[in-house]
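According to TrEMBL:
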type	residues	note
DOMAIN	37-266	domain 'G-protein coupled receptors family 1 profile'
TRANSMEM	20-47	transmembrane segment
TRANSMEM	59-77	transmembrane segment
TRANSMEM	92-112	transmembrane segment
TRANSMEM	133-153	transmembrane segment
TRANSMEM	165-187	transmembrane segment
TRANSMEM	208-232	transmembrane segment
Amino acid sequence: MSNNSVRGLSLVLPLTSFGNVLVVLFSIFLPATIIFLNVSVSVSILVNGALRSENRFMYMLSTCFSDICSGVSYYYVGVLDVRDSFDSPTRTFHIVPTFLGLSYMAILAAQADRYHAVVSPLKYSYHMTRNRTLMVIVAYWVYAFLIVAAHNLVTVGVAKQITSIGSFIGNIFTVIIMIGLNIRLFIIARFQLEREPPSEERENKRSSVYLILVVAVFFLGTWLPIFCHIIACNFLGSTCYTFKNEGTDPIRILPRLNAALTPILYIRGCSPLRATLLSKVWRPCCKRR
């Protein structure tokens with residue numbers, strides 16, 4: 001990014017009308033909400049040893065970390081007049097979209113984790129230790145930033161080709177996998193777990209499956225528009241950037257809304273997390289005030 005472009009940055013919209021002021025305020029409060037909620041969930045998991053011992057909370061933690069980065073970065077790409085495209089002087093060198101992609105990979109990995117935990121509990125408990133789960137999380141974080149490095153080490157033309165092919169193939173296959181896992185998890189939660197005798201273990205399994213199901217459904221609802229848009233543009237060979245900047249593009253705002261919605265779903269759908277959040281994170285902060 002050149003110094004001239006940095007000095008010339010303005011707000012996402014000029015404050016010349018009431019509607020523009022609302023858009024600017026929304027662009028400021030959205031990342032604040034994302035950061036507050038995801039930091040709250042992250043701290044709740046970190047201070048509770050019982051939560052840290054379960055693999056599913058490690059994936060939650062990974063999602064929260066990437067969403068916190070998305071929230072912080074939105075103060076640049078969402079609040080200011082920024083176009084995050086390959087040839088833009090205000091681009092982020094593919095770093096900001098990577099944080100969103102990491103949330104996507106975390107939810108997909110969490111779906112696969114819950115599927116194997118319910119279908120093959122003995123094999124899962126033997127193979128998927130906490131260290132191996134952390135290795136999976138580290139692996140997709142490293143992979144994501146290796147892709148960032150590849151984009152920035154090649155020419156713009158090659159980077160566009162990598163993104164075009166990768167987005168077209170990757171988005172189609174991962175969305176199909178996510179939808180397939182959703183259907184399979186719903187069948188398991190609705191029929192297979194119902195046949196098991198009532199127990200605390202069955203309720204824990206069912207609640208964890210339903211939680212990741214709901215999270216994945218809302219994720220798909222907010223991400224499918226941009227997936228379909230990118231796939232269609234890559235297929236037609238036309239540009240995908242039709243709005244003035246990131247902060248006024250509803251298709252690119254939706255994934256950020258999901259970054260605020262996901263921790264709310266975690267809090268609402270997981271009683272141990274909610275109890276820790278209220279008793280050890282929010283309540284002590286309110287008492288200090």
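Just so you know, the numbers here start at 1 and follow the chain as drawn.
Glycine too: its Cβ is placed from the backbone N, Cα and C atoms.
Taking pairs at least six residues apart, the transmembrane segment (92-112) and the transmembrane segment (20-47) share fewer than three Cβ pairs below 8 Å and do not count as touching. When Cβ-Cβ distances under 8 Å to the transmembrane segment (165-187) are tallied for each of 59-77, 133-153, 208-232, the top count falls to 208-232. Sequence-distant contacts of the transmembrane segment (133-153), counting only residues of its own chain at least 6 positions beyond either end whose CB sits under 8 Å from a CB of the stretch, comprise 55, 58-59, 62, 93-95, 98, 101-102, 105-106, 109, 113, 159, 162-163, 166. The average pLDDT computed over the domain 'G-protein coupled receptors family 1 profile' (37-266) stands at 87.
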